[in-house]
Amino acid sequence: DGTVILGGLFPIHGYNGYDQCGPLLGPSRVQRLLAMAQAVDDVNNNPDILSGVTLGYAIFDTCSRESIALNQSLNFIQHHCDKKVSCQRQEQYSNLVGVVGASFSTSSMLVSHVLALQQIPMISYISTSHLLSDKTQYPFFLRTATPDNLQAEAIVDLLQYFNWTYVSLVYSDGGYGFEGMRSLQEEVGQTDICIATIQQICRSSTEGEAENVIRKLQSYPEARVVIMFTTIFETNMLLSASLRLNTTGQFVWVGSDGWGTTTEELSGNEMAALGAITFQPATCEGSFTAFHVDRNNPWLGEMIAAGMIQNTTCNLTTDACHTVMAAETDDSIVHYVRDAVFAYAHALDSMMRAYICHTPTVSISFNNSYPCIPHPRDTLLNTTFDGSCGQVKFDSNGDVMGRYDVRNLQRRAGGGFEHVIIGKWDSIDRSISQDADPSNPDVLWVPKSVCSEPCPEDRQRVQLPNPCCWDCVPCPHNHVVVNGTSCVQCSLLETVDANECVTIPPVWLSHSSYTGTILTAISLGGAVSTLVAFFVFVTHHEHPLIKASHITLHHLSRLILLGLFEGYVHVLVICWKPTYVTCLINRLMFGADFTLIYAPLLTKLNQVYRIFSGASSSVVKPRFIGSHAQVFISVLLVLIQVMTYPNVSKTWRSLFVPHCRLWYRHITSSTPIRSDNNRTFDVVASILYNLFIILLCTYYAFKTRSLPACYNESRFISFQVYTTVVLWVAFIATYFSMSTPINR
C-alpha cells in the first residue's frame, strides 16, 4: 500500500516449460526483490524526500521467461475501453508511477513496448542489451546497469591487458547475446585481436548441440580464451557439456554479466567453470548484511523450506512474522535495484516540488502532464543523486556510467568455490586496475591465447589468411629481416650480426698468421743469406775462386744476387697490409725479381753460345759480348718486363693508379680478403715473359751442353734451368687453380 505504487518484475523462480514456473532460484535472486522492498521502506522513512507521500510496491514473478514477464506486465495496464478506444487504467494500480525491472534484456524489450502504450517508465537493474539505448524504440526505458556496449569495451580491455589476441566467442540467441556479440565484434575490429570462431547456443539446444559447440571450440586449440555472451542457462549447458567431454581446464571462460554473480547458479558445474573471469556491476561499500522478510512476502514459505531463512520462529498464520534473511554472499545487483527505486523517488520528489505552482492536492504520476511540470521522461533523465555506488546520472539514452568488477572463480582453501574480485574497470579511462597478482598461479591462471607467437628477430613473418596467424620463416644466408615481414640481402662486404648488416673486417696474409710466419722466416733467412753472399762476393773479389769467373759474369752475378734479394723482400711486402704503397711495390716487383735472376743467365748463356758457335765459322769477335753490353742487355730485359706488366693497352697509366680491393671466394663466404688489384692479363703477361726467358735459357743450356770442361758452369746452369722449367710448370698450374688471393 502507498500513495503511489512502484511495480516490480523479478525472476524468483526458474522456468519449467510450457509457461510454467519452476523451482525457486538461489538466494541472490530472492535478495533482489527484497532489496526493492527494503529500498521502498528507506524512502518512506526518509523525511527529506517525498514528504507527505508514501511509496508502495507490487512485485510480480517473471519465472525467468519472456512470455511470463510480458503477461505479468499486463497487471500494470489492465484497462477497459469505450468505442472510441479511450482506455482507463484498472483501478487497482491507477497510482502506478513506474516499474523496476525486468531482469533479462529480452524481457525488458517486450515489457517496455507494453508499458510505453500508457507512457509508464521502467528502470531495469540488470538488462544490459545495447538495443535498449535506442530511444526511438524504447523511449520510456532507463537502467542503472551498464549497457553491453560498455561491457564489450571492458572485455576487449581485459583481452589486451593479458595479451590475449586469439579468442573464441559463444553467444546466446535473443537480443542480449546477439547484441553483445555484435558490440564485441565492433570493438575487436579496432584492435589486433582476432576471433577464431563464433558459435551460437540456444536455451532450447540439446545436449548434443551443446557438445558440438565444445568440439568446435576444441578445433581451435590456440584460442584458449572463450568469451561468453550468454545467460546462466546457456552457460550451464556449455559447462555441463564440457564436463561430459572431459575438457575441464582447456579453456578460460570470460563471461559477460549474464552469469558469474554467485556460485549457486552454476548448478554443480563449478569444476568446469573454475578459473572463469566474469564481469559484474561494481560492488559498493556498505553492502547489505540482512533483509527483512515479513508476512506480505508470498514466497516466504518457499524461502523457509529452501533454507534461506535462518533461526526463524515465523508463524505464517499470525501477524508476528518478523524474521531476517542473512546475505551470506554479496550480490552486487541489489545496489542497482536500490538505485532504481531511489531514481523514482528523487524524480517524483522533483515533480512534486515543481507541481507546487499548480495544485498540490492533486494526485500525481509519471503519466500525467501539467503546464509547469517537465515531461516525466525528462524528469527521470535529468535526475541526479548519490546512489549506493556513487553518483547516479542518466545520459540522454537513459544509461549510466559503466563500472565493473572483474571476478575470478576460485576454489576456497577450506573447500567450495567463490567469485573473487581481481580487478575493476570503469568507462571513464577504460583501464583495468588489477587487485591480484597474475604471476601467482594460486590466485589467477593466465594462459596464452595467441594464434602465433612473435617471430624471433632473425625470422621473417609470413602472413596466413587469418590476420593473427603467421609462420616464422628463416631468411636466406646473409639476409636480415626488415619490419619483420621481408628479407633484405646484405652487401658482399657485410655479414649478419643480431639481425643487422655489419661490415666484415677483412683479412690478408699477415706476418702474424701461421702461413705468413713461415714465409717471413724463410724470406728473412734467404735475404740474409743473399746479403752475406753479396758481402763475401764484394769483399773477397780477389779470391781465386771469384777471379776465376769471367769479368762479365762477375757483374751479372751481382744482378742475380739483387734478383734473389728482391724476391725474398717481395715475400715480406706481400705479407704487409694491402695499401697504395704495397700495391705499387707488388706491381713493380711481381715478375721483375724473377727477370733479374734469369735475364743475366740468358745473357751469359747467349754470350757463351755465340762465342763458341762463331769461333768455328769466323775469327771475327761476336758483337755485344763485353761486360757493359751484357749488363745493358740484362737491364733492358728487366725493363721490358716492367714496361709490359701494367698492360700494353694502357701502358703506364694504370701503374700510377694502384689500389686494393676486397675479394670474396664465393657469395657464402663469411670473410672478405683484402688484396691488390692485379689483373689477370697483367699476371699472365708477366708469367709468360718470364717463362719465355726460361725457355730461352733452356734452349741455350741445351746448345752449350758439350762445351769444354773449363766452361762446366754451363752444366750447372743447364741443371738449374731444367729444374726451373719443371717448377714453373707446377707453379703456373697451381697459381691459377688457387681460389683466393691469399693462396696465390
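Yeah, the Cβs are placed from backbone N, Cα and C, and that goes for glycine too.
Residues or ranges marked as domain 'G-protein coupled receptors family 3 profile' by TrEMBL: 515-744. Mean pLDDT for the domain 'G-protein coupled receptors family 3 profile' (515-744) in this predicted model: 75.
The transmembrane segment feature in TrEMBL is assigned to 514-538 (among others). Below 8 angstroms of C-beta separation, residues 546, 557-558, 561, 564-565, 567-569, 571-572, 574-575, 742 of the same chain, each at least six residues beyond the ends of the transmembrane segment (514-538), sit close to that stretch.
Summarising the annotation, TrEMBL assigns transmembrane segment to 559-579 (among others).
If you look up TrEMBL, you'll see 624-645 (among others) marked as transmembrane segment.
According to TrEMBL, the transmembrane segment annotation covers 683-702 (among others).
Tertiary proximity for the transmembrane segment (714-736) is limited to same-chain residues at least six positions away from its ends with a CB under 8 Å from its CB atoms, namely 598, 601, 604-605, 608, 683, 687, 690-691, 694-695, 697-698, 701-702, 704-705, 707, 744. The transmembrane segment annotation in TrEMBL covers 714-736 (among others).
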